[in-house]
Amino acid sequence: MASKPGLLTDWPWSFLGSNKYLVLVPLLGHAAATLLTTESKERDYGLLFPFYLLVLRLIHNQLWITLSRFQTARSKHRIQFKSIEFQQVDRERHWDDQVIMYSILIYAGMFIFPEGKHLPFWNTKGAVIITLLHVGPVEFIYYWAHRALHHHYLYSRYHSHHHSSFVTEPVTATVHPFAEHILYFFIFSLPVMVAVYAGDGSIGAVGGYIVWNDIMNNVGHCNFEFVPTWAFKMIPFLKYLMYTPSFHSLHHSQIHTNFSLFMPLYDHMYGTMDKTTDNLYEISTIGREDKIDVVHLTHPTSLHSIYQLRLGFSYLASQPYTSKWYLWSMWPVTTFLMLVIWIFNCTFTVEKQKLDKLEMQVWAIPRYSFHYSMESQKKPINYLIEKAILDAESRGIKVISLGLLNQGEELNTNGEIYLQKNDKLKIRVVDGSTLAAAVIFNTIPKETSQVLFAGHITKTCYLVALELCKKGSQVIVQRPEEFKKLKSRVPTEFQDCMVRASSSNRFKCKVWLVDNELNEREQRRAPTGTMFIPFSMFPVKETRKDCVYHSTPSMKIPPKLENVHS
């Protein structure tokens, strides 16, 4: 939000929240009705163009978001090294408002202007007109309009909202107040209107111009440098015609320099070119390798969790995991992504964080939770984990945390097999079991004398059970096979604390440690007032109102942890 929000700051459909796409339903209905009631020879299928364009732009921009976040988590060519926080993600979650606005205005234009009807798919002359008018009037008008927006009156009321993002992402490009987008629409519609009025308009040229604007906007806001130096060496005057990510990044960090749209020509002409532009471009092109200290190895959980990764939908990633109804409609894409991950079969970087002087990365194994219960997948999963450990070792990383990948003795004997096979490893291989166990143990009320374990016994469960035995508490295990497994690992002096579940002790015990597979039938066996404490990655489904349900083991994030927005 701008420091002093001006008139027409909010979007007209902001009150609809996530249901804002409903504003397109009347237009889509009108287009369908018009096509159905018109004779086949006179039908203008171009009426559907705004909606096809909307889908294309949403997909295209999402691909840029994913690419940018993937590169800034791992690439040495990052431009700005400051972190992104939840506030920026929340502010930029409405980046698609501009896409909706353009679809509405294009559709309206087809009816307001007769020349906009029955456009051919392509017209070369019209494409040339649009190109020349963009290079000429549009770039010039935008440059001066942009400088005007940096006047303190307009900046404080409008443009400061965009500049709230010091470190940019592709979505930053379209995050402006509604009034600003009205101005930009009139500027960018100039080449299109001229071509259409001249009778040389075409769907391909109009759509191509809008998508090209998206591409260039995303280039300028992606925060990693990728434009090759050889391009400027081969064509020296190209630096006046094409900007780079580092060029526009300086506009966000220095504010009152580098005002040009996509062509730095006018900054050179009017003396607003930042003096450090060339230097920053060269430094960013060469890049800087970050020394990573710690890697946390994890994996996607459910099929839909891929969208809630930092590389997926940023607004979903910034919220606690919940199943969204519209994700089920994307099952072909979800299946395709699973197959892509499976085929490439290599660990990928999810995000990067910093705690004081510690540089950390999160790597993901290309397997979902259901793969861990498949016998055929145990060997490939262990291979991927071992490969990641050796990769981290070769890069000089000090610690690798297996976290959720340490799925018990059945998979990798709690990680021991990697150390046995590679006894000369310098990297420290750890997991989160001890820390998770400590959190769970301290969640249990101190006066508790009995605790019931319901679920698959993991290393975390064993550690909690051991501590309970040490303090003299009774450990009740619900499943016979899990009881045998846990009792065999508990030292002899604590064997008396281990008890198999029965109808009598189960009904008396009011503290249950559970995994997310605990069903409604099993929950009904618990007495009124039972405290369900999960030890799994997901909480148990709440089915009773007379019991207490805790969240999964977690700790408060330290204020010094940077780049936390997922």
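Glycine is no exception: its Cβ is also placed from the backbone N, Cα and C atoms.
Pulled from TrEMBL, these are the features on record:
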type	residues	note
TRANSMEM	20-38	transmembrane segment
TRANSMEM	45-65	transmembrane segment
TRANSMEM	99-114	transmembrane segment
TRANSMEM	126-145	transmembrane segment
DOMAIN	133-272	domain 'Fatty acid hydroxylase'
TRANSMEM	182-199	transmembrane segment
TRANSMEM	325-344	transmembrane segment
DOMAIN	451-566	domain 'Very-long-chain aldehyde decarbonylase CER1-like C-terminal'
Taking helix as H, G and I and strand as E and B in DSSP, count the residues of the domain 'Very-long-chain aldehyde decarbonylase CER1-like C-terminal' (451-566) in helix, strand and coil. 38 helix, 23 strand, 55 coil
Top stretch among 20-38, 99-114, 126-145, 182-199 for CB pairs under 8 A with the transmembrane segment (45-65)? 99-114
Mean predicted confidence [pLDDT] for the domain 'Fatty acid hydroxylase' (133-272): 96
What does the DSSP secondary structure composition of the domain 'Fatty acid hydroxylase' (133-272) look like, as residue counts for helix, strand and coil? 99 helix, 1 strand, 40 coil
Ranking 20-38, 126-145, 182-199 by Cβ pairs under 8 Å to the transmembrane segment (99-114) puts first 20-38
What else in the chain is close to the transmembrane segment (126-145), if you only count residues 6 or more beyond its ends and a Cβ gap under 8 Å? 183-184, 187-188, 190-192, 194-196, 198, 200-202, 204-206, 208-209, 241, 259-263, 265-267, 270
